[in-house]
Amino acid sequence: MASRFIQNSFHQQESQRPSRAMSEHQRSKSEKGGQRVHHKSHASHHYNPLVIPCDWVLAENHAKARRVARELEVENQSTCPCCGYSIERTDLEYDCDPLEMKFLGSGFPLFYMFIKYCIFILVEFWLLKGMFCLATDLMGDYCYNQEKIKIQQKEHHSIHDHLNQQHHHHKHKEDNSICGGSLWHFVSLANVYDREDIRNLQSNLSLVVVFANMVSFLFFRKAQRSIDIEVDESQLTPSDYTICVKNIPKLNEDYREVLKNIFQNYAADGRELFVTKIVLVYNLDEVIELEEALKEMIREKQEYLFENGMNFTDFKVKQLDEKLESLEQKIHQKEHELFINREKFAGIAFISFLTEEMKQLVLQHNPHTSWERIKAFFNNGLTGDVKEKGLIFEGHKLYVEEAPEPNDVDWEFIHIQTGQKVKSRIIAWSISISFMAGCFFLIWFLSELAERMNEQVEEQEKKGIKDSLTQTIAFLTSQSISWTVVFFNKFVIGKVYHLIVDLEKISNKTKFNISFARKQSVALFINTALISLVIDFYITGNVIGKGGFIYNESNVFLLNAFIPPIVWFVDPWSIQKDYQRQKQQKNIKNCVLTQQEANEIMEMPDYSSAKRYGDIMKTMWFTFFYGDIIPLGILFSIMGLTLYYFVDKYNVLRRRTIKESLSKHLSIEMIEMLELIIIFTGIGNTIVSSILFGEVKWQDFIIIIIGVVYILLPMEDISSVLFPLEQKDEVQSYYEAEEYFNTDYDRENPVTRREILHEIAKKK
């Protein structure tokens, strides 16, 4: 089969046609933090991203073009020369339907639907069980009776001495039956410590909640698929017509001609197809190295101008300008060499067809499994069984899959080999584990400190001493645990895990955000729920006592519900950006920013969907893990997520720049992770019951089994069978749809972008 591919006569090579018009949906690369500096220099003959001093009018126009707003439908629109976005735009209303944000891609309507369903599931939890648990906990009298006992003990010195001895005996392991007596204890499971009948009723309701959740998840998946189909049918994008082909072997022939012949004649069981465009992926390591040198030289020029004044006729400045120009020419030359040098081809190609139907035919006729890819990885890409279904070329099975959107591809990392990625991810996981270990020891230290301070206060009370300073320190130390957890969650963990996931060298932004959201969610949950559990349950043994587990986690519930939306509303990131902007504009005469840097500083801060998903997932897991023991936490979480929804939507529409076009796969992955709340319900209840009451409820055991089975089942497929939704293929051909595209693969590919944008500029 392989030899037949090469011996067939090839069609004449199809030229890579640029789009016919340049609107909002036809632009150069969506900017990314730390983006390479020279790639946008050719969107216009007059635009130079490296020029110093910068033009602030251009920068302000760029900010207008990058804001989250619809493009105005007017003739002869003004566009930003660096990114190609239209400047004239109209803002969306704050109370708009999230579906109106579909011009940003399906990711944003899906995200806001995700928050709504999370709120619905929490309300379901509250109505079916939370209210009952709170009411019965309030009706309990265990903690009230404990307080009466403590008062009696203070009145009897003989009992005092006896308890003193017991206290020293249990210094490092508290008695779990002693209630702390705070407000949090009266509205928690601690207040029915001696009422097994009530606890049994609460356990029965857990089963009701789990079954309700399972039904809700099926409708949730249906709603998400419905939104994705609606957005997809209303938006024309290159991925509607394009596949991504991987594991292409090294050849001494023209890859485009070979691939065109294969996919026009052999990819759909002999049906003749029509390939409109082929964009190859290249190893960019040499280009990236030159770009880093270019950035360093720009920094050198900026430092010299800052220290010696804005004298552009200075000999040193002219020397640096000549070096910069020479280095830019080298980069352009290297890009051209990559285009014609077959050795730098990375074995990956984006292939577009005339119709979406043709694309779907190729995907249907060329399936592959993860096991096939694993075997090929250990066999240098070769396929062991030539009888496998699909395209086998030169001993390599061509892995055909859905293509991500052009601006979803991370062209810097897509060429990285699997072995190198595996090593990078092992390093990333190692750093992640080390970081979480550090968080554990910090919270352990604070817990021990709080424990000692509370012991000191109790000792003083028994002796009749009232030291307000010691009591204040003890209170603040206990509070510091929950505040530290919330502070780390909001300001530290997100930044750390963004850096960790950067090390993984992921090939597209959706996969990057999936990895980021997964790791951040797990880290937030460990930091919020599990570390305190291990310390309070197994090390100090202080579960329902003063300053113990219930006290700390109740505080975390309260702070976790309200601090994130409040911080998000105050938005210190926007305040910082405003300060930087004003600082530079006040010093315009001595401003050494390049035009690109001025453009970036005028933009609103970047928005990260993965961080938002991580915040929400942490709240959901945490609530279902501890919702039974602290039912008031369910109500806090409902209020917190509701506030979060409105604040986040406001920030997206008014205070953020969107540089992501994420696919439905992130939302699907988040639903899979959300479904873990079933298992967390059973595990959380089991741990609390076994440690606090020395028993394991059969209901919780059943819930864990149900949760495991539910997670293992292909729920997306089951939802599709139960709620079938029809998705129509695009009726327009690739050439008809091309003028409506956001961008295209050749305009995003760093190697081909310069020439394509140059052609577009000439046509305009």
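Cβ atoms here come from the backbone N, Cα and C positions, even for glycine.
Nobody curates TrEMBL annotations by hand; they come from automatic prediction.
A quick note: this is a predicted structure, and the numbers were derived from the prediction, not measured.
The stretch that TrEMBL tags with transmembrane segment, taken from the ranges 277-298, 673-694, is 673-694. Same-chain residues lying 6+ beyond the ends of the transmembrane segment (481-501) with a Cβ under 8 Å from its Cβ atoms: 428, 431-432, 435, 439, 442-443, 446-447, 450, 512, 515-516, 519-520, 523-524, 527-528, 532, 552-553, 555-556, 559-560, 563-564, 567, 608, 611, 614-615, 618. With a cut-off of 8 Å between Cβ atoms, the residues of this chain six or more beyond the transmembrane segment (621-647) that come close are 112, 115-116, 118-119, 122-123, 125-126, 129-131, 133-134, 137, 184, 187-189, 202, 206, 521, 525, 528-529, 550, 553-554, 556-558, 560-562, 564-566, 568-569, 615, 676-677, 680-681, 683-685, 688. Beyond its flanks by at least six residues, the transmembrane segment (201-220) meets 117, 120-121, 124-125, 128-129, 132-133, 136, 189, 628, 671, 674-675, 677-678, 681-682, 685, 697, 699-700, 702-703, 706-707, 710, 715, 718-719, 722-723 of its own chain at Cβ-Cβ distances under 8 Å.
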